[in-house]
């Protein structure tokens, strides 16, 4: 094992001084101070020595603190003013004549807190103008003795208060010493030879042959290095990006919609009855302003007919829901509860010519549910939803698309189970298998019912599916509480890696 020259110089310092423990100042007599820590870090990784850190808190007066040593803290300024002007008291409103604007409130508060004054009809009356202020005494001591370990527990509390008031600041100083371990002791028992070394060859060295005179230092990939945590995207953002890239690779294009939607687009167009529990205030965020929105009248009439009796004009689609549809309810605004509204609005925007072509779109965005926050529910979360519209697609195609999508996200084992959703028929749930957890439900899907598509003049089958990305993130990151995704835990954010599966 060949050591770096700086490592050798550091060990030679121990050899020549015949010491087992040395500090930074002592070692800097043998090797440049800026190189000591680097060499010591390398040697500690080789188990040659141990770096011992002794942390000390020291206090340092600020500019305000130094001024207060000469002029007094604000409370003392008030006392001195009264004393110098032979006054018995001073009106509170006159404090601004003595103190800076930002000192006035704090000075009055501290005078009362310390029990130095009484307030009589808006006047400040000192009980003793020659009082002793422990804060002033500690401030003076801090100007001479910086080491907090020399202060009593009560004095440290006063130091903390002086820090809050801006008179001083507290810094942490780290003193390091270096102790040889057995491997290092064994190494310095032998002569230490330091050769001139180089880390790279130049053309001149090669042409002249001088490279033979140097020792070329080999690279050691096993030497421990300091961990670096460069800026990176949040794990949730990485998962959103990954899902986006997977869907684009599968031939989908992304669409968007507004966060605030009318109930018409969010519920009515999906054949969800107006008395459905999902529309209750405990499940949906209703917008206070604007509390209504514009609804296209021609589509409203068609959707209304579908809801009431399952007809569009003279064409019978189904039985409908058999209730009186309220157009005023359709105009109410809500925070969207799903991203399916993006696909529905996209389908509604298609021209007659565009409806003849196959369509594959998806949306990844935030949705909102008025739910109590717990380990698996948040009022705001990301959802991904997609549709495929084509002449010859069927349930088997839907299953194939979902399996391909989930496998591209790293889930090899996928199974399909029957399910119910109000706007698709047939419907399914896709489950994925994870070691140690078993089968877990991940997404819902189905084929849009005719009641959803007919108002837009769409006759082709439309496959639809949706997945909660927070749920996906929990599975990928091994989390048991959805709230952990949004905590400001810097260590977790630094060290979390999204596996490239």
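One is the number of the first residue shown, and numbering goes on along the chain from there.
Placement of Cβ uses the backbone N, Cα and C atoms for every residue, glycine included.
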Swiss-Prot L-phenylalanine site partner of 340, 423, selected from 368, 395, 448, 456: 448
Between residue 448 (L-phenylalanine binding site) and residue 425 (Mg(2+) binding site), the C-alpha gap once rounded to whole angstrom: 6
For residue 423 (L-phenylalanine binding site): DSSP state (helix, strand, coil): coil
